[in-house]
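S.K.: The structure follows.
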Amino acid sequence: MSVLLIAGPGSVASMARTVLLFIIGICLPMEVIGGAGNASSSSAPNVVNIGALFTSDSVIGRAARPAIAAAIDDVNSHSSILPGTKLNVIFHDTNCSGFLGTMEAMQLIEDEVVATIGPQSSGIAHVISHIVNELHVPLLSFGATDPSLSSLQYPYFVRTTQNDYFQMYAIADLVTYFRWREVIAIFVDDDYGRNGISVLGDALAKKRSKIAYKAAFTPGAPNSEISNLLMTINLMESRVYVVHVNPDTGLSIFSVADTLGMMTKGYVWIATDWLPSLLDSTKQHDANTMNLLQGVVALRHHTQDTELKKTFMSRWHSIKYKNTGPDGVNSYALYAYDSVWLAARALDAFLSEGGNISYSQDPKVSHTNGSVLNLQSLHVFRGGQQLLQIISRMNFTGVSGQIQFDSDRNLAHPAYDVLNIGGTGARRIGYWSNFSGLSTVAPEILYTRPPNSSTSDQHLYPIIWPGELSSVPQGWVFPDNGKPLRIAVPNRVSYTEFLAKDKNPPGVRGYCIDVFEAAIKLLPYAVPHTYVLYGSGERNPIYNDLVNAVALNNYDAAVGDITITTNRTKIVDFTQPFMESGLVVVAPVKEQKSSPWAFLKPFTVQMWCITGAFFLFVGAVVWILEHRINHEFRGPPRQQLITIFWFSFSTMFFSHRENTVSTLGRLVLIIWLFVVLIINSSYTASLTSILTVQQLTSRIEGIDSLISSTDPIGIQEGSFARNYLIDELNIAESRIVKLKNQEAYADALLRGPRGGGVAAIVDELPYIEIFLSSTNCRFRTVGQEFTKSGWGFAFQRDSPLAVDLSTAILQLSENGDLQKIHDKWLTHNECSMGIGQVDESRLSLKSFWGLFLICGIACIIALIIFFCRVIFQYRRFNPDAVEEAEVEEIESARSRQSLHTTRSFKDWIGFIDRKEAEIKEMLKRKSSSNKGQASPSTDGQAHSPA
């Protein structure tokens with residue numbers, strides 16, 4: 001008989017369901033197929049069946065069976081959980097087979113179970129999840145840790161153990177904590193292994209690490225296959241191995257690894273929870289087994305040491321003999337025990353809420369009536385959806401800790417113990433939780449504190465690594481395939497001080513080679529390497545092509561004068577820069593001829609104008625202050641005007657012959673002489689610089705003027721400057737001229753644009769320093785260095801050697817060896833790098849406005865004080881002036897007012913022009929006269945008749 005299945009797009013799940021239903025129809029006993037389609041029970045039945053699926057003859061199964069049986073006994077003896085109802089468990093052995101596990105799951109249908117505990121295998125859980133989705137029977141798995149089982153595709157799958165998703169992120173944090181960049185994953189090639197390692201790859205990628213190689217082997221692989229696999233990975237450079245396998249066969253990996261000498265110094269082995277589960281199952285560990293595992297780091301499900309757990313552990317001795325269990329208790333036994341209690345508590349709540357345990361036919365297969373498959377015998381648990389919702393919101397404390405689920409149906413607060421195996425057992429070196437990462441403090445304590453998962457706060461106790469090594473292994477070595485590193489070296493034809501071909505070993509020489517060799521010697525391990533020249537030797541190679549060759553794995557690294565640019569860092573890893581660099585512009589220059597007006601250059605035009613104005617202003621102020629009391633500042637108007645000019649400018653040389661008498665005048669003069677002193681000193685220094693320092697000029701002033709022009713621009717052949725000028729500065733490609741060596745540089749600059757040369761050359765600063773020195777400083781740089789970069793050694797992406805060499809280069813810099821190598825190869829005559837700009841050396845008002853401000857304020861204050869004194873004297877000299885002014889306000893004749901104003905102004909000017917001694921004498925006589933007139937008047941009044 002042939003069966004034809006036709007599946008349209010998107011019907012894969014439907015096809016899988018049909019296949020399962022076909023298996024059901026074949027495998028169910030005939031009495032079930034021919035039985036009634038409906039069966040029901042009362043809302044509080046006497047007996048409720050649950051199923052248990054696991055492999056009895058396995059590490060996890062041997063621990064789970066007595067734990068489940070003990071939980072059933074404890075539930076049935078509990079007075080408040082399922083009162084009046086007996087919980088019955090039906091065990092089925094999956095025999096660690098997907099096919100047999102599916103058959104055993106089918107048998108549970110006949111028993112009308114309301115929930116299933118298990119399975120322990122992720123592969124079997126994938127298959128059975130399709131069945132329970134159709135039958136609405138919750139699947140409570142205490143051992144299936146595959147992260148993909150949490151997908152929305154399996155709504156009835158409830159994981160009562162930790163999700164491997166979190167375990168893989170814990171391993172990624174371990175790798176980051178010890179600063180490893182690559183790991184090799186060793187895993188069993190099934191759903192459990194593949195999906196777990198897939199999550200590990202994602203977790204490492206977020207930490208900027210990666211899985212260098214995925215070493216997969218078939219379930220139940222013989223030792224010969226494992227040996228071939230381990231020999232393959234032993235030839236690779238990574239020495240950090242993550243082992244994610246089943247506990248029943250995992251020890252064979254370490255046995256083979258020990259035979260191959262892979263459990264010694266330099267190796268790192270990280271095992272997932274399978275290894276602690278195996279070790280915890282026995283109290284007395286075999287000595288040979290423990291010898292295999294010395295230095296291994298493993299993760300174990302963290303279960304809080306509560307009183308409930310301690311009580312369960314103390315009962316295990318009687319439980320194991322009653323149910324033939326193992327000597328010890330692993331975490332899966334605890335999760336299996338709690339799974340039964342989870343089902344019991346959920347059923348109790350289900351019945352309390354009025355739930356009814358009843359079954360009905362699946363309407364999706366009702367159309368198969370009359371088929372020989374008799375699919376109508378399949379029963380759907382009507383209360384399955386309600387029971388699932390109750391399970392998802394359960395929250396209680398079990399022997400494994402808090403049983404509560406998040407939105408993804410994972411146990412809340414995932415955490416792991418980090419173990420280091422040594423001696424005859426394992427010691428805990430810390431914890432990991434998704435709340436705070438790695439810590440030496442228990443997660444339940446950290447939950448009471450604010451979350452903190454920063455890298456600086458990650459801590460673990462010291463670890464003893466394989467080979468009894470206490471220091472952290474570097475995590476990688478050079479491959480044991482006998483091949484040294486192939487290092488590409490640019491075969492330069494110019495600037496051979498940096499790199500050059502050499503007839504003697506190692507075949508190359510130069511500054512860059514010496515730096516690399518010195519850094520290699522500082523590494524704590526040997527680095528076998530050979531140099532391979534890159535380029536024809538007739539022209540400089542294109543450095544972008546060299547970097548691409550490293551990225552394409554044609555070479556392991558590139559050593560030379562390789563500039564670190566943004567585009568290059570996207571495809572390779574660079575070390576710490578060992579030489580600072582940047583693009584500069586070199587142009588031909590000519591000496592500026594001396595000018596007969598050079599004495600005017602120290603000051604700007606504005607500075608000259610302001611200085612001259614202040615000379616006149618200060619001279620006028622001093623004249624005003626001294627005119628009334630100093631005869632040297634008096635005389636005819638023409639003479640006084642000459643005096644003002646003479647005094648003003650003679651102060652420039654401190655040669656003024658007029659003496660100042662007034663206090664205000666002396667104050668102003670002292671401040672002004674200080675200003676003159678500063679101006680004279682600055683002028684002298686600037687003029688000296690202009691007349692003694694060689695002044696060079698160029699029509700190219702920098703990169704901006706070069707961009708705005710249309711002249712040709714020279715670059716070094718193979719340099720990144722070409723792409724930079726074209727892509728970043730939008731300079732036409734037709735303007736770019738490639739130059740081979742220093743001779744070509746000089747020739748192109750001397751010929752200039754009109755003679756077929758270039759207007760300027762754009763190149764990196766280290767090259768330009770050598771070029772200028774070799775041409776006896778005939779050329780100069782113009783403008784400023786307009787890029788900042790450096791030279792580094794290029795390695796393939798994620799190469800650990802790049803990190804170690806960066807540290808070595810920093811050590812060279814700190815101990816002075818890097819400078820010594822620089823002096824050995826790059827000693828040259830120093831040139832004045834830039835062109836002296838005359839405008840930059842001219843002094844402007846910006847540098848002196850503070851002095852002028854102080855002097856101006858002093859002058860104004862002195863004038864204010866002077867005029868206040870004059871006004872006061874004038875009022876005493878003419879006391880009737882105010883009264884006359886009030887009378888004049890009443891007068892309406894403008895002519896009389898104008899005449900009076902003119903006369904008053906002339907009187908005021910005349911008053912100021914008089915000597916102060918004359919004014920004081922007149923005021924004295926006027927005061928005496930007023931007193932004389934007042935005395936007779938008083939006497940006349942005294943002798944008049946009464």
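Every residue, even glycine, has its Cβ placed from backbone N, Cα and C.
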S.K.: Of the residues Cys777, Cys859, Cys868, which one does TrEMBL pair with Cys831 through a disulfide?
M.R.: Cys777
S.K.: Can you name the far-off residues of the same chain, 6+ from the ends of the transmembrane segment (848-872), with a Cβ under 8 Å from a Cβ of it?
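M.R.: Beyond its ends, the transmembrane segment (848-872) has Cβ neighbours at 607, 610, 614, 617-618, 621, 624-625, 664-665, 667-668, 671-672, 674-675, 678-679, 682, 911-912.
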S.K.: In sequence order, which residues at least six apart in the same chain have a CB under 8 Å from the CB of Cys831 (disulfide bond)?
M.R.: Glu769, Leu772, Ser773, Cys777, Arg780
S.K.: Against which stretches of its own chain does the transmembrane segment (605-625) lie, if we need a Cβ under 8 Å and a gap of at least six residues from its ends?
M.R.: 633, 640, 643-645, 647-649, 651-652, 660, 662, 664-665, 668-669, 672, 675, 679, 843-845, 848, 852, 855-856, 859, 862-863, 866
S.K.: For the domain 'Ionotropic glutamate receptor C-terminal' (486-828), provide the mean pLDDT of the predicted model.
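M.R.: Across the residues of the domain 'Ionotropic glutamate receptor C-terminal' (486-828) the model's pLDDT averages 86 on the 0 to 100 scale.
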